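My questions all concern the structure below.
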Amino acid sequence: MRAAAPTAQAEAGPPIAARLAGFAAMLLAALPAVMAAANRSSPVVVGLAALLFLAAAVAAEGWRTATERLAEPLATPLGLAALAFLGWCAVSVAWSPLPALSLRHASEFLPTLLAGFLVARLAPPHLGPVLRPAGWLLLATCLFIEIDLATDVAVRRLLHERAFDYVYNRPLELIVLLSGPVAVLLARRGSPLLALLAAAAAGAAAWFSASGASALAAIVAAATYGLARLLPQRAMVALAGLGLMGALALAPLEGDVLAAVMPPRLHAEMAASNTRERVVIAQSFGAAVAADPWRGTGFGTSARFDALPVARRLDPEMRPMLTAGHPHNSFLQVWAELGIVGAALAAIVLLLTLRALSAWPKPDCAAALAAMAAAAGIAFVGHGAWQGWWIAGLGALVAWLRAMRHSAKGQGDAPWATEPPRTISTSTSS
């Protein structure tokens, strides 16, 4: 009896782990649909998936092995650079004029970031079995959104939900990001038609939506993927690096550049996107960066930028738009809150990410660069940098991108990943 107990426990580990991981994978597959129903729900979905994946890893490998595997990427140059960036975020709270505000944003950002990291690290070996359901759910979600938008959100009005077309902006931004790696995996696994339909539906939904950010992301992703398949890989990675560094370096000048190059007629044609207001917002935050370029105003302070001491040093015409809550440009937000040090650390993280992607096979690298370009496009015109729904979505994106590498290698990070559930006998006759 004593000798049999360890064997029974060892046999029980993998099936329980596989079931937990399977439930978590289905949550990730359903993420676009859940976001369409509730557009701030991604932190809950990704957080629950992270807990299930972590429980699965511990059940299969034990705490020590699981934590060692989780810690491995943190010791790489990219991991150390990311930790340095997070460390600077934490240090910046010390000089924040509104430390309670900084801590409130950190309380949303950090747990979601941890959940995203766990999902990105643990999910890839388990996403293969839910790939086709993920593709069908993504396609169905896009079709539902398109129908609801075409009928002036009649479905949402029928359900007594918030009946505004912009409620689909966040789900569509996330769908555009996820559709690339999901489509690549579907095509690789013998479902090219579903891959094409899902990608086309995502692009169409983004194009006809109220979200300029998702439409921009779809265009940038398609262009980047096409170029990445045509150009030599090193050249494409270098081109992506130039684009990202340009976006980051020029972010404080965005408002002045746009004010100089955008004619009034273009503003009139893009009135629905509030381009005039966006230009003034970018100019206002850019002026704030120029007033305090070295260390920034502290993590999370963009939400009350008009109340900060630096705002009083700006010209009066620059102050009203500081009430926008954030500069609608994550690169500019990093400059404003974390200064040149934060911007430099962000640049290092981006460049090391590109260096890591350059070692991937060309098809996988092309899909990853397309996703990265789409995310950068959204970040350049979209929401606040630290918002939980966005961080959770990026964690899910990295998980699907790493699933491409897992699929190409044909081997999981965990030997129990693909083990089918088995019936565990409770008999003591042996």
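Every residue gets a Cβ built from N, Cα and C, even glycine.
Residues annotated as transmembrane segment in TrEMBL: 16-37, 44-63, 75-95, 167-187, 193-223, 235-253, 331-353, 365-382, 388-404. Sequence annotations record features per position, and here TrEMBL assigns domain 'O-antigen ligase-related' to 198-346. According to TrEMBL, the region 'Disordered' annotation covers 410-430.
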What is the average pLDDT across the domain 'O-antigen ligase-related' (198-346)?
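Result for the domain 'O-antigen ligase-related' (198-346): average pLDDT 84.
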Are the transmembrane segment (167-187) and the transmembrane segment (193-223) close enough that 3 or more Cβ pairs fall under 8 Å, when only pairs 6 or more apart in sequence count?
yes
Among 16-37, 44-63, 75-95, 235-253, 331-353, which stretch has the highest count of C-beta pairs below 8 Å with the transmembrane segment (167-187)?
16-37
Verify whether three or more Cβ pairs under 8 angstroms connect the transmembrane segment (388-404) with the transmembrane segment (235-253), leaving out any pair fewer than 6 apart in sequence.
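The answer is no, given that the two segments have fewer than 3 Cβ pairs within the 8 Å cut-off.
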I'd like the per-state residue tally for the domain 'O-antigen ligase-related' (198-346) from DSSP, helix first, then strand, then coil.
119 helix, 0 strand, 30 coil
Per the 3+ Cβ pairs under 8 Å rule, pairs at least 6 apart in sequence, do the transmembrane segment (16-37) and the transmembrane segment (365-382) touch?
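Between the transmembrane segment (365-382) and the transmembrane segment (16-37), which are separate recorded stretches, there is no contact, as judged by 3 or more close Cβ pairs.
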What stretch of 44-63, 75-95, 331-353 shows the most Cβ pairs under 8 Å to the transmembrane segment (365-382)?
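Answer, by Cβ pair count: 331-353.
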